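Trainee: Before I ask anything, let me first share the structure, which is written out below as structure tokens.
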Amino acid sequence: MASNFKKANMASTTQRKRMSPKPELTEEQKQEIREAFDLFDADGTGTIDVKELKVAMRALGFEPKKEEIKKMISEIDKEGTGKMNFSDFLTVMTQKMSEKDTKEEILKAFKLFDDDETGKISFKNLKRVAKELGENLSDEELQEMIDEADRDGDGEVNEQEFLRIMKKTSLY
């Protein structure tokens, strides 16, 4: 019952997300992105080779996977020129930085559940949060939530499992 899990865990977040505007980068972040772009635009044409995307992203502290890079390139380089302008690069990096913020938000939520600091969300943790949020869920429904998120079968939800289940929601 992922929907209950999502509901129980992000009641206040939903309202906040609806009210907050799309994430904006700070001037400092934009400057860092510009510097990384300029570093690879050695000939000053205002474009970089799409093959340099991974290296440029790494210079900004990201470790993109090969499949992720291929997907980004196919979305950006629709004409197959092999080049990317600053605007495209800024769009990609804004999205990546937003994802990084999202992960941090999810991990903060995880810590709220994991009040006993075991590194896992137990049935007891989930029951406490549901009660605090005024969610009237049966033990069976709570256990179903744990079972749905629990990939390694240990009966609890670790950070990776929590990230996975939360990213499946439309809340993040």
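Every residue gets a Cβ built from N, Cα and C, even glycine.
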Trainee: When Swiss-Prot marks a stretch as region 'Required for self-assembly', which of 2-25, 98-121 is it?
Mentor: 2-25
Trainee: Taking 8 Å from the centroid of the Cβ atoms of Asp41, Asp43, Thr45, Thr47, Glu52 as the cut-off, which other residues in that chain fall inside it around the Ca(2+) 1 site?
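Mentor: My list of surrounding residues reads Phe40, Ala42, Gly44, Gly46, Ile48, Asp49, Lys83.
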Trainee: List every residue in the same chain as Asp41 (Ca(2+) 1 binding site), at least 6 positions away in sequence, whose Cβ is under 8 Å from its Cβ.
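Mentor: Looking at Cβ-Cβ distances below 8 Å from Asp41 (Ca(2+) 1 binding site), excluding near sequence neighbours, one finds Thr47, Ile48, Phe86.
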Trainee: With helix taken as DSSP H, G or I, strand as E or B and everything else coil, how many residues of the domain 'EF-hand 2' (64-99) land in each class?
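Mentor: Within the domain 'EF-hand 2' (64-99) the tally stands at 25 helix, 3 strand, 8 coil.
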